[in-house]
Amino acid sequence: MSETTTGSILVLNGPNLNLLGIREPQTYGRETLADVEALCRTAAAKAGYEVEFLQSNHEGVLIDAIHAARTTMVGIVINPGAFTHTSVALADAVSGVQLPVIEVHISNVHQREAFRHHSYISAVAASVIVGAGTNGYVLGVEQLIHLVGR
Ligand code: CA2
């Protein structure tokens, strides 16, 4: 970490979010995951934070990244994708690392199918942001910085 940076924020994205901006623009918008990464880096840099950005379609990779963050990151912004609604293991990883975690969903999951209304992650997240489009990631980074200071 350089003298001008305050710490690092992990921004995690779960399955299929690599397709952002490429498919289903009516639900998820036209911005790509690279655009989201740039938005997160800009928001974090305003407060002197760096961003580590990772997308994976594999539950274990996401869990390993959460574990590794315990000693290297100030907190996590995560869009767990469909694992939101299925993964006790991901929720256990989040509660296990004892870092502030902000859960983000691009779409308003509460306006969608009933199976998207429950999140295993929300019970262990510090904050939850839904339905703000890709700006939800910016709000997530800002909220995390608000919680950890600066
Ligand atoms: O609204 C969100 O951010 C979601 O986390 C997105 C997940 C969905 O399973 C959750 O219920 C809500 C799906 C991510 C898939 O992303 C795609 C993006 C473009 C095209 C196809 C899938």
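Each Cβ is built from the backbone N, Cα and C atoms, and glycine gets one as well.
Listed in TrEMBL:
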SITE      R23  site 'Transition state stabilizer'
ACT_SITE  Y28  active site, proton acceptor
BINDING   N79, H85, D92, I106, S107, R116  substrate binding site
ACT_SITE  H105  active site, proton donor
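In this structure, the C-alpha atom of R116 (substrate binding site) lies 15 angstrom from that of Y28 (active site, proton acceptor). Comparing Cα positions, Y28 (active site, proton acceptor) lies closest to S107 out of the recorded positions H85, H105, S107.
Around the Cβ of S107 (substrate binding site), the same chain contributes T27, Y28, V130, G131, each under 8 angstroms and 6 or more positions distant in sequence. Around the Cβ of H85 (substrate binding site), the same chain contributes F115, R116, H118, S119, Y120, each under 8 angstroms and 6 or more positions distant in sequence. Comparing the recorded positions R23, N79, H105, R116 by how many other C-beta atoms lie within 10 angstroms of each C-beta, the top residue is N79. Whole-number maximum of the Cα to Cα distances across the substrate-binding residues N79, H85, D92, I106, S107, R116: 24 angstrom.
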